[in-house]
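Q: Sharing the record's features from TrEMBL:
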DOMAIN    9-179  domain 'MobA-like NTP transferase'
BINDING   L12, A13, G14, K25, D73, D103  GTP binding site
BINDING   D103  Mg(2+) binding site
Amino acid sequence: MIGRADIAGIVLAGGQGSRMGGLDKGLQPFRGRPLAAVALERLRPQAAPGKLSVSANRHLDRYAALGVPVLGDALPGHPGPLAGILAGLQWCGTPWLLAVPCDTPCFPPDLGDRLAEAAMAAGADIAIAAAPEAVPAGPPAAGPAPLRRHPVACLLRAGLQDDLRGYLDGGGRKVLDWMGRHALATATFDRPGDDPHAFRNANTLDELHRLETDTA
């Protein structure tokens with residue numbers, strides 16, 4: 001069984017914010033607080049006490065003010081979310097790491113539990129989230145909405161750090177490409193009552209403002 005005491009949490013906020021005009025995405029306000037702070041609060045009950053961190057590469061003093069360890073990328077050159085995940089795996093000191101992106105502030109409060117269930121059921125080293133695609137306005141479509149995977153909302157065995165380091169050192173950058181090298185499980189968030197906005201992310205300021213309005 002994977003329990004809360006087995007899990008450390010990390011909020012990934014180390015991106016360059018290119019679609020936000022270079023703004024530091026994790027520091028943009030959502031409901032009056034930085035996105036990273038909102039994500040940390042949502043993640044806290046899902047991880048072992050004192051086992052939260054944030055991955056960041058800029059404005060480190062502002063992230064440090066959130067009261068958790070700030071982890072820089074384990075590799076230079078902004079190689080993407082896998083570098084933040086690697087930093088988390090190297091830091092965590094627990095059997096498992098639960099990672100979430102800072103720009104998805106409504107992720108489920110039971111994300112860790114359901115990823116853990118999926119990992120245990122499949123005997124997997126990694127579990128990722130999947131949820132129905134957002135359905136555009138208009139007449140209802142026939143049949144269920146297609147599922148979209150959200151690999152950066154994931155639970156990983158800490159023992160994968162050496163393999164991930166080797167993948168990154170070899171120039172690999174694609175999240176699902178690396179994850180596909182390991183036993184991978186998927187937790188599907190399509191139960192009645194699951195929040196349809198849970199995995200909606202904000203890549204631009206307009207998307208962030210719409211998400212805030214739609215989830216008020």
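Backbone N, Cα and C define each Cβ position, glycine as well.
TrEMBL does not curate its annotations; it predicts them automatically.
Note that the coordinates shown come from a computational prediction; the quantities given were computed from them, not determined experimentally.
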Q: Here the binding-site residues are D73, D103; which one has the lowest number of other Cβ atoms no more than 10 Å from its Cβ?
A: D73
Q: If you count Cβ atoms within 10 Å of the Cβ of G14 (GTP binding site), leaving out that atom itself, what do you get?
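A: For G14 (GTP binding site), the count of other Cβ atoms within 10 Å is 27.
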Q: With DSSP assignments reduced to helix, strand and coil, which class does L12 (GTP binding site) get?
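A: In three-state terms, L12 (GTP binding site) counts as strand.
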Q: Among all protein chains shown, how many Cβ atoms are found within 10 Å of the Cβ of A13 (GTP binding site), not counting that one?
A: 29
Q: What does DSSP assign D103 (GTP binding site), in three states?
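A: D103 (GTP binding site) sits in coil per DSSP, no helix or strand.
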Q: Just checking a number: largest C-alpha distance across L12, A13, G14, K25, D73, D103 for the GTP site, rounded to a whole Å.
A: 18
